[in-house]
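Colleague: Have a look at this one before I ask anything.
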Amino acid sequence: MDSTINYLYQNCLPLLEVIIIINAKSNLFLPQVCPMLDNGKSNTYACCSIKQLKSLESSLRLSKVILLRCPSCADNFAHLHCINTCSPNQTQTVEVTKVMNITTFQNTTDTAVVAYKAFISTTFADSAFGSCKNVRIPATGGFAIGTMCGPYGATQCTPQYWYDFQGDSSNGLAPLDIDFKLINEGNTTGLPAGVVPYNGRALKCNETTPTEGEACSCQDCTESCQMIQISPTTSPFTLLGADGYLVVSIILFCLLTFAFLLYLFVACFLRSRRNRKDEEKGRGKGRGKDQNSNDVNQPLIDPAEVTCTDRNSLVKDLSQLFCIPSSFKVLLLSAVVVAVFSAGLKSIELTTDPVELWSATNSRARMEKEFHDTTFDPFFRTNQLILTAPGRKGHQYDSLLFGPTNFSGIISKELIMQLLELQTRIQNIEFWSEDLNRIASLKDVCFAPLNPVNSSLTDCAVNSLPQYFQNTSLTFLHLFSSSPLSFKDITDLGLSCMADYGAPVFPFLAVGGYKDENFTDAEALILTFSLNNYARDNVKFKVAMQWEQEFINMVQEYRNNPNTNFTFAFMAERSLEDEINRTTAEDIPIFMISYAVIFVYIAVALGEYSSLKRILVDSKFLVGLGGILVVGCSVLASMGFYSWIGIPSSLVILQVVPFLVLAVGADNIFIFVLEYQRDVRRAGETREEHIGRILGNVAPSMLLCSLSESVCFFLGGLSTMPAVKSFALYAALAVLMDFVLQMTAFVALLSLDARRQDNNRCELVCCLTVKTQRANKPNEGFLLPLMRKYYAPALLNCYSRIIVMVVFIFMFCASLFLMFHVTVGLDQELAMPKGSYMLDYFQYLYKYFEVGVPVYFVTKKGYNFSTMAGMNGVCSSVGCDEYSLTQKIQYATEFPDQSYLAIPANSWVDDYIDWLNPGSGCCRLYTSGPNIGNFCSASEVKDICKSNCLGILSSRPNVPKFNRFLPDFLGNRPDLQCPKGLNLFFPVFPASRFMAYHTPLTNSQEFTAALLRARELAHNITMGMRQIPGTAPDFERIRLIFYILAFRPSSRVTNVFYEQYLTIVSEGFFTISQCLVPTFVVCCLLLGLDLRSGFLNLITIIMITVDTVGVMTLWGIDYNAVALINLVTAVGISVEFVSHMTRSFALSIKPTHVERAKEATANMGSAVFAGVAMTNLPGILVLALAKAQLIQIFFFRLNLIITLLGMAHGLVFLPVLLSYFGTYFIGSFVCLHQRGVKSFL
């Protein structure tokens, strides 16, 4: 028998004799390797020896490790090789093309086959290939066929290429050269005599195998997938075939306009009818005409009959309360109070962490992040370059394997060698570290996944195209373009295709800007350095920061080199923080200039300027400075108080609160000072009494606004968003303190200034006096006469009022429509100043990266992985549940437009099952020696590990074996003998995470939608896992972590940031509603339960808010937490524009609504215009010069919108609204009640 059996790597020659398998050992071994040839004892024929079977088994082992996830594929793969090697009908399917003489162990000469042709039917080849083409490698997310098709990769692989690779002995796996000929069924042209192409039956991937192997899972076999019906995305709201919000807005506009016109018609009709009845019955007595000869329906009241005290319904004699003779004592007491509050600033805490600012401590994303950070190691720091060569012409390479292949301009040896040179320079960065007290380099801080303890430079995770060649030869660049995840190339050199630190080179980490995996068309090269993410209190954190600064310096120097052939963008982990800090420092002078402009305006605008000779006497420079100091002291007191009690501040508070308090404070200052200037001191009245009487007139209005705003902001402190909550609390106390200081310190300061002015002393130089005396008459300035004589009459004539109402109704309805189309989110580019190198990086990132961020589905305690049901519930290979965790994620990737998932999750359980599978040869036991019975790795070549960890027929471990071999699996380093084993991306206990990849996400809207869809999927998975036997009742939900991996910018954990946009609309509605309620309540209470005035006040503020959001949409301002803070501020500023006017109208004693609206517009409107609008506008306009885009958009644009809309509604719309629907004579009711006119009431 031996004379007819060839040994190692040999086929029967001359292929005439057939061996019957009768040896017991052979009869057991053949079914393991070639079960399709096993026909039972004494009936099984084969043309191979035991040694050949072992050789064949060894050759198939590595492929089986990869393909065993799909038993039918593995069976088909082995099928043909078993036919060629051991089939008794070899002469019909193969033709020997090369033989050679060999010397056997018995010193005899024998003939061996070293090359032959194998003839296969395309029917068998296509079917076998189809069963394997979708089998995945979980660790890489790619397809197994991509590593088994040579240079062609998964996308270009065909059955012919697949078999060509299997028959190429240079691949290190094939024992001899086999030339596979695929012959169409029925085609005999060119076939050697007697040859019949093999046309056996290849199993489909959804079929079971003869050895009872189960059908392949859905992830590896599309035919096994269930028909999944995914719910359609929510369609836009439509009515009558058009945008539903537009239709509703048009209908609302028509209804409101019709209601208003109907009101005018009915009011005119009733007035005419009432006038006719009065004339007929002679009941016109007591009626009169106003100054425009219009009929007056209310009794005429002489203004002289009503004193200033009578006009105030709440304050009887504020002069006695506020007019303290010793102004210096008041100032000293105020300074002491402010100093006590401000002392807390010594312990102020400034929050800059986005997580702390925008995510509540009890939010789902925040808790998931804290759990992740305490369970898994912190994610590594990213330093990256994206390089392009625009304008460089491409070239064509005529490959023997692929034919003519196009290469883009940047995929050239010259440029890649320059990239390698740059990479080497960066890797060799060295610097003196004070923290380590020695010279430090990359190896001290780099992320080294396979050797984290004593890392060398080659252990550091550096991802680039040269890494595919271990940073050496680029001769076989075309191989990377086809199969970037291969273990090694197929040339005689046998070069490794792994990076020098031991990991595969993922194409999206090496090149970018390609389409459909045509890597040679890439437009960009990517170079990434990963560092360990040390805690901030770790000494190496400063070392990492220092290395990143050296990295930035070197890259900037390289970019400025005129000999550089690249155009590129770059970033370091510290870049975002550095750029934000830089722009903050650069924009501080802008804020200072803004405040200076406001101060100059207040100082100039408060002056009387009755005479050129008295200009230095009548100016109000010190009063203006005092007003600014009052605002500053109120802000400092607020910040100090909250620092005392441990509520942190933020940059938003430092930038917004002073502007808000300045708007409120300046308005009150102008109202107070202008009222004082417009009034004449009465005979026998002292200066203090005069100031007290004026204060008694205006203090209720100041109290109305300040109290409304303060309560508004205190209620805003109920927000769950930390940044909004802290801002609201700081603003509330600052507004309240501002009012208190205005009622005390500013009144005392004005009293001192009035004393100086009465003594004709010059401001700043008090020792100088002028002889020109001050005229004892009211000083109305130029604004009050202008508004009284021209503006108010023009605004409030009958035609203008109708136009104003219709225009503002249209504005409200249009803004309501636009509000539903505002963009929600905040793109990280806006945090960068104009001209920042990070803006170029973001542009390159979105343009050239071909993969989205990874997402981790994280399980916590309560799930039992060790049971059969537990394993099947989280895996995706053969035998797993069709709705397992990974399988559901796989289904989601079939609908990337809706799920935002592109690559399914990989599972360590899949790798563990494959690793344990006896066919993989990965998990073996020592059968002799001192370690007998212990784990033996696949790299152990000695013939002392013959026992498998599992039985031959076992496909899953039992619980004891699962727990026994798990540590060996986690500690086993993968290699060519066993590509399974330790994977640092898969921590197992106490929690496990399963990583999938999103589609490319480029803006906050896509990130938010992806988070929402992922949460829906995680909830569905959780509900399914709770039904698996063995799952604990307290099994917690699947947690989600979005990570920005090594190819993404600095903010690594993204779901914490983007979670806010899932609820920010409802959060904003709730917060603003809370702010609106006190404006109505306080207005009603302080106006003597005047519900109508409170309601009109509320309507106007709502319109300002809605119009602000509408203009935001038109001007491209996104709605986010920063915008929400400004909208809360808008409510406060709107109170200033509206409430003063409403109160002035309500207490007016003019005979008609129109006359009262004119009086309020002239008297109070001029003060509001000068105090709020003209105070804010100069400072806001200066902010347009800021470099930071956030300041330009959310402080310049948005505050400009708020101020202009507030001014338009407060000075245009509100007077017209009051002239139609305003309340009746509150002041008259009070006055008549005080005089005992009971009948009128």
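Residue 1 is the first one shown; counting continues down the chain.
Each Cβ is built from the backbone N, Cα and C atoms, and glycine gets one as well.
Reproduced below are the annotations present in TrEMBL:
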TRANSMEM  245-270  transmembrane segment
REGION    279-298  region 'Disordered'
COMPBIAS  279-292  compositional bias 'Basic and acidic residues'
TRANSMEM  321-345  transmembrane segment
DOMAIN    587-752  domain 'SSD'
TRANSMEM  588-609  transmembrane segment
TRANSMEM  621-645  transmembrane segment
TRANSMEM  651-674  transmembrane segment
TRANSMEM  728-752  transmembrane segment
TRANSMEM  798-821  transmembrane segment
TRANSMEM  841-859  transmembrane segment
TRANSMEM  1069-1089  transmembrane segment
TRANSMEM  1122-1142  transmembrane segment
TRANSMEM  1162-1186  transmembrane segment
TRANSMEM  1198-1221  transmembrane segment
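Give me the local environment of each listed feature.
Modeller: Only residues 6 or more beyond the boundaries of the transmembrane segment (321-345), in the same chain, are considered here, and those with a CB under 8 A from a CB of the stretch are 633, 636-644, 688-689, 691-692, 695, 699, 737, 741, 743-745, 747-749, 751-752.
The list of residues near the transmembrane segment (621-645) in space but at least 6 beyond its ends in sequence, with Cβ under 8 angstroms from a Cβ of it, reads 334, 337-338, 341-349, 595, 598-599, 602-604, 606-607, 653, 657-658, 661-662, 665-666, 669, 673, 726, 729-731, 733-735, 737-738, 741-742, 745-746, 749-750, 753, 763-764.
Through the fold, the transmembrane segment (728-752) approaches residues 322-324, 327-328, 330-331, 333-335, 338, 341, 622-623, 626-627, 630-631, 633-635, 637-639, 641-642, 647, 649, 653, 656-657, 660-661, 664-665, 668-669, 672-673, 676, 687-688, 691, 695, 699, 702-703, 706-707, 709-717, 719, 1071, 1128-1129, 1132 of its own chain, all at least 6 residues removed from its boundaries and within a Cβ separation under 8 Å.
The list of residues near the transmembrane segment (798-821) in space but at least 6 beyond its ends in sequence, with Cβ under 8 angstroms from a Cβ of it, reads 243, 245-246, 248-250, 252-253, 256-257, 260, 264, 1103, 1106-1111, 1113-1114, 1209, 1212-1213, 1216-1217, 1219-1220.
With a threshold of 8 Å between CB atoms, the same-chain residues lying at least 6 positions outside the transmembrane segment (1069-1089) that come near it are 313-314, 700, 703-704, 707-708, 711-713, 715-716, 718-719, 724, 728, 1095, 1097-1098, 1101-1102, 1105, 1124, 1127-1128, 1131-1132, 1135, 1139, 1142-1143, 1146, 1223, 1226, 1230.
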Colleague: Could you tell me what the rest of the chain brings near the transmembrane segment (1122-1142), counting residues at least six beyond its ends with Cβ under 8 Å?
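Modeller: Here the qualifying positions are 652, 656, 659-660, 663-664, 667, 671, 701, 704-705, 708-709, 712-713, 716, 721, 723-724, 727-728, 731, 735, 826, 1064, 1067-1068, 1071-1072, 1075-1076, 1079, 1083, 1087, 1093, 1096-1097, 1100-1101, 1104-1105, 1108-1109, 1112, 1160-1161, 1164-1165, 1167-1168, 1171-1173, 1176, 1190, 1194-1195, 1198-1199, 1202-1203, 1206-1207, 1209-1211, 1214-1215, 1218.
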Colleague: If I count Cβ-Cβ pairs under 8 A between the transmembrane segment (588-609) and each of 245-270, 1162-1186, 1198-1221, which range comes out on top?
Modeller: 1162-1186
Colleague: Six or more residues out from either end of the transmembrane segment (651-674), which same-chain residues have a Cβ under 8 Å from its Cβ atoms?
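Modeller: Tertiary neighbours of the transmembrane segment (651-674) are 350, 352, 357, 584, 591, 595, 598, 602, 605-606, 620, 623, 627-628, 630-632, 634-635, 638-639, 694-695, 698, 701-702, 705-706, 709, 723, 726-727, 730-731, 734-735, 738-739, 742, 746, 750, 781, 784, 1122, 1125-1126, 1129, 1132-1133, 1136, 1140, 1164, 1166-1168, 1170-1172, 1175-1176, 1179, 1191, 1195, 1199.
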Colleague: Any residues 6+ beyond the ends of the transmembrane segment (1162-1186) with a Cβ under 8 Å from its own?
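Modeller: The answer is 587, 590-591, 593-595, 597-598, 601-602, 605, 659, 662-663, 666-671, 674-675, 701, 781, 783-784, 786-788, 791-792, 1133, 1136-1137, 1140-1141, 1143-1144, 1192, 1195-1196, 1199-1200, 1203, 1206-1207, 1210-1211, 1215.
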